[in-house]
């Protein structure tokens, strides 16, 4: 491509200020998401859940960080390039785009598989019951490996028709070569998320209504499972809502856009409806709120048990709560 062709290709992106504003907004949201995710990593790491569950939760939060980096870096570059460069200096190869946006794209696909992995982990915790607390976290690492492998295969499927030599003024996964594959993937992922929500609702309902036991160890194990389900159900619902929103906006909105809209406006709207930046922030806030709520209730129970009253009453009350 010569300078004239490069300038013509980049003009809709370079000369349209609302598009730059949208990119800058995503950069800011990405930085906020990264900061929240780093803080959330420490909170989740200190939580009192089984290592298998904790491994998958930490992986999801790590994907939030990856998404923030994978979105903020290329978008920051585009904002800088549109302001300081001209002609073919603005163009980037699809190979470079797919590499620098790989963390963000990986996070979009990986969160669904990891959420489903969390459901499988909770099923295993329910099946093994009390023995699960003493088991090594091999199952968690196995689910993490399977989820990452599945994500890599999905990403490879989206890119298998990509023209890596093509030069573009703006990095996006959905283009003329990858759009069909990406559309199929985005329409399938919410089905996985819906299945995850159904499993979590079932586990939460059956755990709450399960029979009491005279085994104090089993009762405490059941209490831990109930706390984990209480955390994961709202978290999974948030993921489903964001996933369905992304599918509707990215899959169906382009088809109903008015024909009078310019290419610049269409491109700006499509860039603006990327909900994953918001999901990283909302997901972290949801995790932090529920974890703190669980910790607060546990502190209240401990304080109640340690309140100076008759020792016999303490013993009977403690057993009564967990039978």
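Note that Cβ sites are derived from N, Cα and C of the backbone, with glycine treated the same way.
Whatever TrEMBL says is automated annotation, not expert-curated.
Residues or ranges marked as transmembrane segment by TrEMBL: 21-44 (among others).
Residues or ranges marked as transmembrane segment in TrEMBL: 56-79 (among others).
What TrEMBL records for 99-118 (among others) is transmembrane segment.
Taken from TrEMBL, the feature transmembrane segment applies to 138-157 (among others).
For the transmembrane segment (188-205), the list of distant contacts is 109, 112-113, 115-116, 118-119, 122-123, 126, 226, 229-230, 232-233, 236-237, 239-240, 243-244, 247: same-chain residues at least six beyond its ends, Cβ to Cβ under 8 Å. Taken from TrEMBL, the feature transmembrane segment covers 188-205 (among others).
The transmembrane segment annotation in TrEMBL covers 231-249 (among others). Long-range neighbours of the transmembrane segment (231-249) within the same chain, counting only residues 6 or more positions beyond its ends whose Cβ lies under 8 Å from a Cβ of the stretch, are 49, 53, 108, 111-112, 115, 118-119, 122, 186-187, 189-190, 193-194, 196-197, 200-201, 204, 273-276, 278-279, 282-283, 286-287, 290-291, 294.
Feature annotation from TrEMBL assigns transmembrane segment to 269-291 (among others).
Same-chain neighbours of the transmembrane segment (138-157): 50-56, 59, 102, 105-106, 109-110, 113-114, 116-117, 120-121, 124, 181, 185, counting only residues six or more beyond its ends whose CB sits under 8 Å from a CB of the stretch. The stretch from 21-44, 99-118, 269-291 with the most CB pairs below 8 A to the transmembrane segment (56-79) is 21-44.
Residues 19, 22-23, 25-26, 29-30, 32-33, 36-37, 39-40, 43-44, 47, 57, 60-61, 64, 67-68, 71, 104, 107-108, 111, 172, 230-231, 234-235, 238-239, 242, 245-246, 249-250, 253-254, 257, 261 of the same chain lie 6+ residues outside the transmembrane segment (269-291) yet bring a C-beta within less than 8 angstroms of a C-beta in it.
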